[in-house]
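According to TrEMBL:
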- 6-117: domain 'Acyl-CoA dehydrogenase/oxidase N-terminal' (DOMAIN)
- 241-362: domain 'Acyl-CoA dehydrogenase/oxidase C-terminal' (DOMAIN)
- 380-419: region 'Disordered' (REGION)
- 451-526: domain 'Acyl-CoA dehydrogenase/oxidase N-terminal' (DOMAIN)
- 530-624: domain 'Acyl-CoA oxidase/dehydrogenase middle' (DOMAIN)
- 636-779: domain 'Acyl-CoA dehydrogenase/oxidase C-terminal' (DOMAIN)
Amino acid sequence: MSIGLTEEHSALASSVRGFVARHAPSTATRADLDRYAAGEPVPYWDGLVELGLTSLHLPEEYGGAGASYVELAVALEETARGLLPGHLLPSVLTSALLATRASEDLRKRTLPGLAAGTRAASALTATGLSAAPAGGGDGGGDGRYAVTGTTVPVLGAAGAELLLLGARLGGTETGNRAGGTAGGGEVWFVVDANAPGVRVEPAAAVDLTRGVAQVRLDGVTVDGEQMVAVDTEGVRALAAVLFAAEAVGLVRWLLTTGVEYVKVREQFGRPVGSFQAVKHRCARMLVRVETMSAAAWDAARAVEQGEEQLALAAAEAAILCLAGATELGLETVTLLGGIGYTWEHDTHLYWRRAMTLESLLGPVSAFEHRLGELVGATPLRTSGGAEEEHSRASSATPLSASGGAEEEHSRASSGLARDFSLEVPEEDPAFRNRIAAVLGEVAALPAEGPARQRRLADEGLVLPHYPRPYGIAATPVEQLVIQQEYERSGVTQPKTVIGEWAMPTILAHGTDEQKAALVPATLRGEITWCQLFSEPGAGSDLAALSTRAEKVDGGWRLNGQKVWNSMADRAHYGICLARTNPDVPKHRGISYFVIDMKSPGIEVRPLREANGHYLFNEVFFSDVFVPDGWLVGEVDKGWALARTTLGNERVAMGGMRELRLDLPGLAASGQLVADPADVRRDVGALYAHAYALSAMSLRGTLRALSGLRPGAEASVAKVAASFLNTDVGARALRWFGPFAASAEGPAAAAVHQYLSLPPHLIGGGTLEIQLNVISERVLGLPRG
């Protein structure tokens with residue numbers, strides 16, 4: 001799914017896409033590559049200005065449209081998808097920095113011209129230029145500086161009319177009295193590209209559609225009226241937002257191009273897209289693209305949430321989108337095979353642009369270190385420089401990666417946290433007041449015992465989206481209101497666990513008697529459930545099950561074995577699939593039963609897991625009698641019902657993404673063997689992925705609130721969470737070195753978490769099956 005979420009975003013994207021298709025088709029761009037690489041302006045620059053792309057994000061008082069940075073990101077995604085050449089990205093970056101950081105006087109002098117099409121470029125670092133007080137002394141005179149040196153390559157400097165540059169103050173930490181520096185040691189300023197002493201020296205560009213150049217300054221004097229109150233970190237943060245948006249446009253073109261090719265390219269008599277290795281490769285690409293889209297969207301919305309939130313989200317976007325686009329460029333070239341590596345194919349042009357974006361803003365490791373530092377993954381040090389043990393036990397709670405309407409995340413005591421809270425739109429105050437009143441009464445009941453859950457069940461607030469009388473048929477907005485009021489009241493919303501997979505099927509397909517007997521008691525907490533689907537010979541290929549159900553007077557007789565059944569040792573009832581007709585195709589002869597787990601003939605044997613604990617069981621059926629009244633739906637029609645249950649299972653699994661270790665706390669504890677800088681970088685990388693997953697979930701919630709169809713997030717969430725949880729477990733384990741050889745001591749939690757990973761990777765469908773589902777149902781690749 002693209003960065004945009006709303007119908008307005010879709011309309012904007014369509015308009016930009018149409019412009020690029022008309023004015024910058026590949027053939028036209030290729031014909032002028034030499035000109036564009038040298039920094040010459042595109043012939044349709046005035047058209048871009050007229051369309052409003054140079055002014056979209058600028059305040060109306062300066063000739064802009066006053067749009068959000070999410071809308072700017074939507075536009076940049078589309079221009080990158082069409083590989084639009086020229087100065088748009090560097091120009092809007094420069095105007096964005098001036099709009100958010102410059103003085104009012106400087107904004108008045110520069111922004112109207114930038115809105116009207118002045119081409120501009122901004123350096124991304126102060127490296128290469130040095131500034132000294134123009135009048136000598138300590139710079140305390142009139143605030144002027146003489147700037148000398150040569151910048152690193154700057155995107156769009158060749159052909160730009162206005163430059164935003166940074167210089168390091170020569171050996172001082174003194175900032176400009178007029179507010180020209182946001183941090184000690186740097187000064188940032190605007191200068192005319194044709195000013196005396198300024199020389200732009202074009203370089204051979206890797207991205208053949210846009211020029212880069214180094215800017216040489218020879219004693220150029222800048223004064224307070226040219227100064228901009230920003231530093232390198234601020235520049236890089238906003239640049240990361242816009243670069244990430246472009247990166248998403250690039251990878252969407254790359255993914256589409258690769259997938260469409262493997263659908264039609266044939267080898268060994270069939271499309272290569274039907275080969276499982278290729279399908280999994282494309283599905284993994286989609287997971288990365290969707291993760292990048294969520295991160296880029298999150299960064300764009302953070303621009304208007306304050307500097308701290310922007311710093312967190314910009315680092316997230318840079319970590320995921322910059323290297324991701326470069327790597328997916330190479331991935332697409334190799335996916336296409338030899339044709340992808342030819343000059344005539346456009347893939348290398350997209351790959352080149354991705355390489356350029358990453359190189360200009362990199363290294364990505366700097367953003368990983370930065371994000372690790374921001375979330376608190378930095379050991380405290382004594383005055384002598386030795387690491388000081390910093391206990392965070394009081395604040396160590398799991399880092400939720402599920403996002404949604406809940407405010408994100410647990411954090412180390414001194415770290416920042418990304419804000420994923422959600423304002424509920426168009427709420428009904430009377431509804432909120434009614435829910436708050438009920439939960440207030442519930443809070444007064446004893447926390448222990450059944451009283452709270454029974455009252456909540458009677459009010460329809462255990463699972464409020466259920467139809468009445470079991471829930472209150474809550475809309476998506478009402479569900480968020482209820483969730484917020486649960487949090488405010490301090491009352492914990494009850495969980496029916498596996499009942500949340502079973503109840504939707506019973507509500508949709510069960511008889512009135514089944515609903516009356518099972519649903520209210522489940523919601524009150526009087527009935528617990530297990531799922532009896534998997535068998536030794538039927539895991540991912542569930543339809544291959546062999547447990548038999550034979551018709552007898554008044555019911556059915558079941559024989560067979562189930563396995564990997566959590567809670568089967570203490571459940572009251574189970575939902576079970578059994579084969580009722582062996583003479584039809586395997587999907588058609590399956591029926592769906594409710595099993596009383598106290599029935600004679602049932603034997604439950606706990607399975608000890610690799611971590612030494614007992615979560616799963618195997619269940620044996622020996623002539624177990626199941627009354628006719630516990631058959632759900634029609635005979636031999638259970639497979640469709642099972643798919644409903646499995647769908648609910650996957651939604652629940654997708655919502656259970658957690659980083660169960662306090663990563664910043666571990667990093668700051670002083671108990672790790674790994675180098676603190678390496679740990680800090682690891683934490684930053686892991687938090688970037690966790691934030692992106694939270695953003696992905698929040699995007700899904702927003703789409704539901706808007707009544708829009710779900711995007712691909714739900715399909716990729718479990719796979720992305722599996723990748724993240726595996727990475728967390730492996731990295732955390734390695735931080736402890738030899739201490740992780742002991743199941744006790746400082747590494748105990750990390751060891752246990754890593755040994756407990758497989759159920760999260762297998763439950764709800766193995767990773768490989770999920771990749772098959774994504775490749776076939778989302779990407780449309782042919783079945784093998």
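Glycine is treated like the rest: Cβ placed from N, Cα and C.
Of the candidate ranges 6-117, 241-362, 451-526, 530-624, 241-362 contributes the most Cβ pairs within a distance under 8 Å of the domain 'Acyl-CoA dehydrogenase/oxidase C-terminal' (636-779). Note on the domain 'Acyl-CoA dehydrogenase/oxidase C-terminal' (241-362): DSSP counts are 104 helix, 4 strand, 14 coil. The helix, strand and coil residue counts that DSSP assigns across the domain 'Acyl-CoA dehydrogenase/oxidase C-terminal' (636-779) are 106 helix, 3 strand, 35 coil. Per-class residue totals from DSSP over the domain 'Acyl-CoA dehydrogenase/oxidase N-terminal' (6-117), listed helix then strand then coil: 77 helix, 1 strand, 34 coil. Helix, strand and coil counts under DSSP for the domain 'Acyl-CoA oxidase/dehydrogenase middle' (530-624) come to 3 helix, 51 strand, 41 coil. Residue counts for the domain 'Acyl-CoA dehydrogenase/oxidase N-terminal' (451-526) under DSSP, helix first, then strand, then coil, are 45 helix, 0 strand, 31 coil.
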